[in-house]
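One structure is given here, and the rest of the page talks about it.
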């Protein structure tokens, strides 16, 4: 299962014999990416509170930048003069950029979508602006990201079927325009985005149409808007059953730990989400035994690390070359001092990256089902009655029964 394009080589190196989980290697212009992979979100060319060097030391091989925000500041002209976003942020590894369409619709008032593109009011001075597939490609070509996303017609998953069908077909037509406008095919890869909401038939149609365009990779979009999780997983399962085995599959906007484990089992390879860094700023640390609310007074005198055995610099003791940060110290900082948010962000980012590495290792060893059961047991402190029903049902689709020994 191999695919090759001018700026991308992809190979599945191992498959779980029980589920649809895959371990892969994705060769991009700025180095290899080992899948499955979580991509931290550096919205404005910066992961909040983390230096590029720190992110690199954590083993991050690819991160996400936001086309809409970079287009506003520093802007296309500045990016062009600097030589792109890699140089702007001193990041030597890979970048993925979204198209900017999601922000047009979700963040801005009076956004109007027509066949031409998305019309919105400038957040600077309120003047009307237009984002087209051609403009999105021009911006992303200037940014120089290793993976670019097509501009798609973004609607909420619970939108009625007539509008959802219109958005799905428009996204296909906009992909054709993106392909035509993409100027740097030797150094940048354009991924299509599967749309269709929770309608499996529309998803099937979109998968088949997008596959005809033969983009180097394929994303599944429109599934992180608060929809019911059982249906969410059924749609992911439907898509991975259709999409080609020899291309990377990217599930957009998904980043909760349980979601990552389940969706890797369902056959997805790439993920991104602001959750690990955003929740860090509220004082929540991710651990294999669940989430620690560090504002809780029970941590006031707790001199242990966030997670025993964690190899992030916060958790490693000083005598072993780490920072030796304690729960008590973070309890006194979070929600008050920015350094608290920075430290928890580093820990949470490392947690996500390590979770993906551990899943990859278990797939290669063909013991992924046991990894999944162990993960859920630890996350829920051994209480099977607290396992979410949607996760139990989704994993049964790929032959894992969480409730069996």
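Glycine residues also receive a Cβ, built from the backbone N, Cα and C atoms like all the rest.
The model shown is predicted, which means the values in this text are computed figures rather than measured ones.
Taken from TrEMBL, the feature domain 'tRNA-guanine(15) transglycosylase-like' covers 19-379. If you take every residue in the domain 'tRNA-guanine(15) transglycosylase-like' (19-379) and average the pLDDT, you get 94.
Look at TrEMBL and you will find 98, 99, 100, 101, 102, 152, 195, 222 tagged as substrate binding site. Neighbour list (residue 222 (substrate binding site), Cβ cut-off 8 Å, at least 6 residues apart, same chain): 154, 155, 157, 193, 195, 196, 197, 252.
Per TrEMBL, active site, proton acceptor is recorded for 98. The Cβ of residue 98 (substrate binding site) lies under 8 Å from the Cβ of 64, 66, 67, 68, 149, 252, each on the same chain and at least six residues away in sequence.
Taken from TrEMBL, the feature region 'RNA binding' applies to 253-259 (among others). The helix, strand and coil residue counts that DSSP assigns across the region 'RNA binding' (253-259) are 3 helix, 0 strand, 4 coil.
Long-range Cβ proximity for residue 272 (active site, nucleophile), meaning a same-chain Cβ under 8 A and a gap of 6 or more residues, is found for 38, 39, 40, 41, 64, 96, 250, 252, 253, 254, 255. Among the features that TrEMBL reports, active site, nucleophile is placed at 272.
Sequence-distant contacts of the region 'RNA binding' (277-281) (same chain, at least 6 residues past either end, Cβ-Cβ under 8 Å): 40-41, 47-49, 291, 341, 344-345, 347-349. Taken from TrEMBL, the feature region 'RNA binding' applies to 277-281 (among others).
Taken from TrEMBL, the feature Zn(2+) binding site covers 310, 312, 315, 347. Around residue 312 (Zn(2+) binding site), a 10 Å sphere centred on its CB holds 24 further CB atoms from the protein chains shown.
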Listed in sequence order, residues not in 310, 312, 315, 347 with Cβ within 8 Å of the centre of the Zn(2+) site Cβ atoms:
305, 306, 307, 311, 313, 314, 316, 346, 350, 351
Sparsest Cβ surroundings (other CB atoms within 10 Å) among the binding-site residues 152, 347:
347
Specify the nearest of the binding-site residues 310, 312, 315, 347 to residue 101 (substrate binding site), where nearness means the distance between Cα atoms.
347
A 10 Å Cβ contact count, applied to the binding-site residues 310, 315: which residue has the minimum?
310
